[in-house]
Amino acid sequence: MPDCRLYLITPPRIDLARFPEDLARALDAGDVACLQLRLKDAPPDEVRRAIDALRPVAQSRDVAFLLNDDAELAAQTGCDGAHLGQEDGDHARARALLREGMLGITCHDSRHLAMEAGELGADYVAFGAFFPTSTKDAKHHADPEILEWWSSLFEIPCVAIGGITAENCAPLVRAGADFLAVVGAVWNHPEGPAQGVLAMNAAIAAAA
Ligand SMILES: Cc1ncc(COP(=O)(O)OP(=O)(O)O)c(N)n1
Ligand SMILES: Cc1nc(C(=O)O)sc1CCOP(=O)(O)O
Ligand SMILES: [Mg+2]
């Protein structure tokens, strides 16, 4: 297995009547280290329903299930952890709430934010956006050099995110990314999400 692995994030909107099956097929297609549930505009009860439906799909396949934005809800609902941005509440409080659970923190293109995240006990730091993305209005641009710098100095894993595809990911793998986080490369793959997972796995293996 390559050192770098795929970190899958859900599409921004999902239909719970069919998405659990789509997700199962994608996860069964290849290697996925973790799944982040990211439903930015959904009300809390919808997020809870999505957690209930999707958490078992991921965890039964040994894929860690992380919740975006809300460490408290993650801790209450049996998620394996949470991913928080710089505006998603108090990171130290989240660290305490999650106990042994995983905490990932967005650090944009900032060495300073990444060192702060590491000091407070983040399980990974995330840098991005590395490429243009249509999934969100990314305000920061990161260069692969920050992955080289981080991985040469620190043991805490780093995640690369933002516009990553099978075609453009090689420099990020070579720069030391431990995980590549993607939305569009899998869910918008022209041959479907299972092929998207396989294409990312193959590209990571070829770059490593
Ligand atoms: C793995 C990973 N990295 C970065 C982000 C972005 O988090 P954030 O800056 O809080 O932005 P939103 O995702 O909340 O729009 C992420 N979700 N996952
Ligand atoms: C959720 C998210 N955060 C980013 C950041 O730069 O922090 S970029 C991004 C979108 C990732 O989706 P795609 O793989 O489709 O580009
Ligand atoms: Mg956030």
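Just so you know, glycine gets a Cβ as well, placed from its N, Cα and C.
Because the structure is a prediction, the values reported are computed rather than measured.
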Besides GLN36, LEU37, ARG38, LEU39, LYS40, ASN68, LYS136, which of THR106, THR165 does TrEMBL list for that 4-amino-2-methyl-5-(diphosphooxymethyl)pyrimidine site?
THR106
Among LEU37, LEU39, ASN68, ASP69, the binding-site residues in the record, which have a C-beta under 6 A from ligand 2?
none
Given LEU37, LEU39, ASP88 as the binding-site residues, which ones have a Cβ positioned under 6 Å from some atom of ligand 1?
ASP88
Inter-residue Cα distance where the pair is ASP69 (Mg(2+) binding site) and GLN36 (4-amino-2-methyl-5-(diphosphooxymethyl)pyrimidine binding site), in Å:
10
